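All remarks here apply to the structure that follows.
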Amino acid sequence: MIVDKLLDDSRGGEGLLDAAGDCGLMTSPLNLAYFYGASPPSAPGAGDTGYLSAVPSAPGSPGSDSSDFSSTSSVSSCGAVESRPRGGARAERPQVEPHMGVGRQQRGPFQGVRVKNSVKELLLHIRSNKQKASGQPVDEFKTQSVNIEQLTDLKSAVSAVGKRKGPDPLSDGPVCKRPALLPSHFVTSPQTPTPGESMEDVRHSESKLDSSAALLQNIINIKNECNPVSLNTVQVSWMSPTVPQNSPRDQCQDFHGGQAFSPPQKYQPFQVSGSPQMMDQASMYQYSPQTQNMQQPPPLPPQQQHQQNYPHNSPLQFSPYSRMSQSPKYDSNLFDTHEPQFCTGQSFVSLLTGPGEPESLAVPVPAPTSIPPQTETQLQTFSLMPSNACEAVVGVHDVGSHSLGTSLSLQNIMGSPMNTTQLGKSFFQWQVEQEESKLANIPQDQFLARDGDGDTFLHIAVAQGRRALSYVLARKMNALHMLDIKEHNGQSAFQVAVAANQHLIVQDLVNLGAQVNTTDCWGRTPLHVCAEKGHSQVLQAIQKGAVRSNQFVDLEATNYDGLTPLHCAVVAHNAVVHELQRNRQSHSPEVQDLLLRNKSLVDTIKCLIQMGAAVEAKDRKSGRTALHLAAEEANLELIRLFLELPSCLSFVNAKAYNGNTALHVAASLQYRVTQLDAVRLLMRKGADPSTRNLENEQPVHLVPDGPVGEQIRRILKGKSIQQRAPPY
């Protein structure tokens with residue numbers, strides 16, 4: 001409606017176009033205060049400007065038609081008739097504003113900024129140039145208005161680039177005179193048009209391709225003015241010979257029609273202060289943008305490695321290899337691997353010699369043959385550089401001092417006087433050698449000498465726990481076949497070691513051939529001594545030594561009292577239990593010692609059972625089993641241990657020579673705290689309360705009087721078990 005009024009009241013449509021051209025509102029940002037309706041009313045006498053100022057123009061987008069028409073209608077009252085070129089719009093602006101009656105007023109609050117569209121101006125400029133060149137009159141109003149036709153050139157250019165039928169011209173010159181800027185693999189091969197397309201369409205699109213490419217190149221140049229380089233991207237100039245390292249501004253290069261590539265972070269130059277080879281690691285790599293795959297080529301001969309020159313600051317070269325291929329000039333990174341590889345002997349020698357000299361040390365160091373493999377591992381730790389690093393520094397001649405120091409240190413270590421026979425030996429073996437050197441000049445008859453008790457040097461050494469001396473003496477006496485010589489109590493050195501709880505010496509003596517079933521003057525074997533004293537470790541040493549020396553261990557051997565080692569162990573444990581029941585002070589040192597002895601005896605009994613000792617074995621005098629002996633003291637721990645065995649039913653009702661079972665023995669006890677529990681445990685495990693002895697007595701007949709006796713009788717008669725309730 002406003003446009004119609006302006007056309008009726010003003011001097012005509014041409015004046016409107018001229019006014020728009022004079023003010024130049026479409027080619028420059030609008031006056032913000034006047035655009036948002038914040039300007040003061042026009043001065044009186046300005047014609048129709050008062051009406052125009054009273055009607056606020058709605059704000060629109062920078063490319064909207066409403067803003068163009070509103071600005072055009074606002075400027076129509078300027079009164080300018082003659083049309084001026086677009087370049088002079090800003091120059092004539094101060095002369096137009098006084099006629100508008102606006103002047104420079106104080107603007108309202110800032111509400112936004114209208115950014116000029118560079119792409120839109122470029123399209124309008126190109127369109128106006130083409131119309132001037134063709135001789136057609138330039139229509140300023142149609143040029144500045146926003147229509148869909150303005151984007152047709154851009155759309156055609158994009159579509160032509162997306163569906164080109166031949167090589168894409170990327171420069172403004174003729175096609176026949178353009179230089180080839182891209183490699184052959186970047187250029188798309190010509191395609192044959194499909195049957196649906198005609199040759200005329202192809203020629204028509206090729207005719208427009210030149211102007212469209214120039215338009216697209218201008219748009220790309222405008223977009224690249226802001227240098228859109230991200231923090232994670234490094235643009236490499238593939239055309240320039242050198243790339244400065246400390247100029248990030250120069251790294252942003254325009255590659256026409258291509259893409260900026262940067263090597264991966266893993267293969268960036270490693271900046272260290274050292275040899276030039278390490279400082280110029282970037283020159284040792286060639287990066288392939290297609291594959292991004294780096295592999296190590298096969299190593300070169302040493303002569304070629306000396307003659308090969310690595311240029312400094314060499315430019316990055318593009319090598320179009322396939323995905324599975326590798327570059328023949330690629331050298332692996334010295335710091336690529338995290339696991340250090342030891343240099344071989346050949347590469348280590350090459351550090352000490354020149355390129356033309358033979359790879360041999362100046363001072364030959366003979367490698368001793370008697371050195372165990374441990375020394376080789378120690379000597380390999382001199383070079384922690386990778387193998388390729390050792391080969392890389394061969395051509396450097398300033399490493400002579402380091403090589404000399406390394407060779408001297410190697411010579412000192414290799415040539416130092418050391419006793420190689422002592423390497424890898426334990427302290428015990430060293431002690432044996434020392435004792436042998438001490439006893440080298442002693443005659444053999446001195447080893448068989450005895451004191452007043454009949455003890456030899458071996459007996460005394462074993463009793464003192466001197467293992468190395470005992471081993472040397474036992475080896476010398478074994479050569480004389482006098483290893484089992486006994487003292488006045490009939491104990492051999494082996495039995496003395498068992499009594500002294502020297503399990504290591506026991507194992508050495510058994511390995512040398514000591515008899516494990518020998519007896520003393522009391523008829524005790526070494527197993528009896530272990531069982532009485534609770535030496536479980538000595539028992540295990542005897543078992544291991546007997547297996548190695550192929551000896552038989554008699555577990556059922558009896559002493560002069562007719563007791564087996566298991567019987568002796570049970571009797572010793574009963575004594576400890578009795579002492580614990582008598583002593584009420586649980587924190588006294590005596591009780592602590594008793595507890596330790598109790599534990600050691602239980603371990604010994606378990607070890608004997610594990611070795612194969614029979615629980616049902618009877619003693620020679622009374623015919624009692626180990627269960628009978630445990631029931632005599634109401635030893636709940638041992639009774640439970642024996643009754644938990646799989647073969648408990650074979651000895652739970654075993655009778656002694658007087659016909660008593662273990663239940664008879666437990667029921668007849670007096671003044672025992674654990675008597676009631678022992679009887680109950682035997683009854684639960686299958687003991688028969690109806691069994692009679694040789695005097696025709698049952699266990700219930702042997703129960704003493706008293707409150708505890710009454711409870712035992714009830715248990716034996718089965719009255720302690722609650723009767724079942726009738727089902728009805």
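Even glycines carry a Cβ here, placed using N, Cα and C.
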Range among 163-178, 579-594 that Swiss-Prot annotates as motif 'Nuclear localization signal': 163-178
For the repeat 'ANK 5' (591-617), what does DSSP give as the number of helix, strand and coil residues? 21 helix, 0 strand, 6 coil
Just to confirm my parser: what is the rounded mean pLDDT across the region 'Required for transcriptional activity' (329-403)? 41
